[in-house]
Amino acid sequence: MPVFPKISLRPEVENYLKEGFVNNEVVSASGKAAAERKFEALLNHLSHPPSFTTVRVNTHLASVQHVKELLLDELQQVWQFNGLSVPVLQHPDLQDVLLIPVIGPRKNIKRQQCEAVVGAQCGSAVLRGAHVYTPGIVSASSFMKAGDVISVYSDIKGKCKKGAREFDGTKIFLGNGISTLSRKEIFSGLPRLRGIGIRMTEPIYLSPSFDNVLPSYLFLQNLPSAVVTHVLNPQPGEKILDLCAAPGGKTTHIAALMHDQGEVIALDKIANKVEKIKQNALLLGLNSIKAFCFDGTKALKLDEIEDTEGTPPFSPESFDRILLDAPCSGMGQRPNMACTWTLKEVTSYQPLQRKLFPVIQWKISEGTAVSVTGQGDPPPVKIFCLE
């Protein structure tokens, strides 16, 4: 039986997803009842963290074996209070990806009288190994003091009022931790506090936090994001475009696979996200990346009146390979216990995705590889490589 309930969706959204998942092709292959069971299993899996935390090694600066050894030392220091020996595994097919098993769910954790409730986003981060940062705390028991052992719950439906002393609505137990602040300090009305508010000591899922862990050698990255760059197969000396690049995980992966030889152009239309790409490139020691704040749907130059000298928009056939990770709802990210989006919001990304496809069709030349990926929008976008 699942520890958490299945992801909570609006009925019209769940029905829309079900229609896409339980389609004629699937029903004809396995039968309607089996298809519906698989769909329910999918909804249950979405509310739980994945079985492994995946990190990508920055092979531009160090070998996979060297980073693996460094990471093992780090994890032994972090998890020694639990008396655990956690392995670090190398992915069998993606040699630059390391896998750390997620341990749980642990069912014998004693719940405490003193409670704190956090927002759903904060709760998802806790399930992936994070501590509770003060801005994420929504409610705390009236008698909570610094140093108290606290049971932490997630308000998955967003119904708890900020500063409440107790909450009897739908809440999911995430584990226990030690408060670094009192209730009075958290909700004092002073300028917004930051930093760790509750240090998790008995999380229901044991997953290492990668906050500032080997930051120049490791990049925390979901497995599909790492797969798609290998599908793209960039080569040293090529000119590559990452069309919707923020925060730069795939951009920096492309540069690393090219041994930082060539040119990687990264576009995103939000300025602070472009700065994040630049920061990640600098942190990972990659010099072949050029990031621009630019709308990807307008990245094709349709005339030759003005020479943009290597900046967007670009002429047709400017790149050897293009990667497009089109904006999507992100509903496939795990864990995800609740999504309050309307059907209109869920389907709002499809027109933008359609606008981006013609851009890459005009911009590629014969023999160009294009990798397209998506992590959430129904029907799921497959990863494919066009030669």
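Every residue gets a Cβ built from N, Cα and C, even glycine.
Since the structure is predicted, the reported quantities are computational estimates derived from the model, not experimental observations.
The following features are taken from TrEMBL:
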ACT_SITE  Cys385  active site, nucleophile
BINDING   Cys244, Ala245, Ala246, Pro247, Gly248, Gly249, Lys250, Asp268, Asp295, Asp325  S-adenosyl-L-methionine binding site
DOMAIN    143-387  domain 'SAM-dependent MTase RsmB/NOP-type'
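A map of TrEMBL features onto the structure.
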| residue | record | Cβ contacts under 8 Å, 6 or more apart |
| --- | --- | --- |
| Cys244 | S-adenosyl-L-methionine binding site | Leu267, Asp268, Gly296, Leu324, Asp325, Ala326, Pro327, Leu356 |
| Ala246 | S-adenosyl-L-methionine binding site | Asp268, Ile270, Lys273, Val274, Lys276, Ile277 |
| Gly248 | S-adenosyl-L-methionine binding site | Ala266, Lys276, Ile277, Asn280, Ala281, Ile289, Ala291 |
| Lys250 | S-adenosyl-L-methionine binding site | Ser225, Val228, Thr229, Asp242, Leu323, Asp325 |
| Asp295 | S-adenosyl-L-methionine binding site | Lys269 |
Q. Over the residue list Cys244, Ala245, Ala246, Pro247, Gly248, Gly249, Lys250, Asp268, Asp295, Asp325, recorded for S-adenosyl-L-methionine, what is the maximum interresidue Cα distance in Å?
A. 19
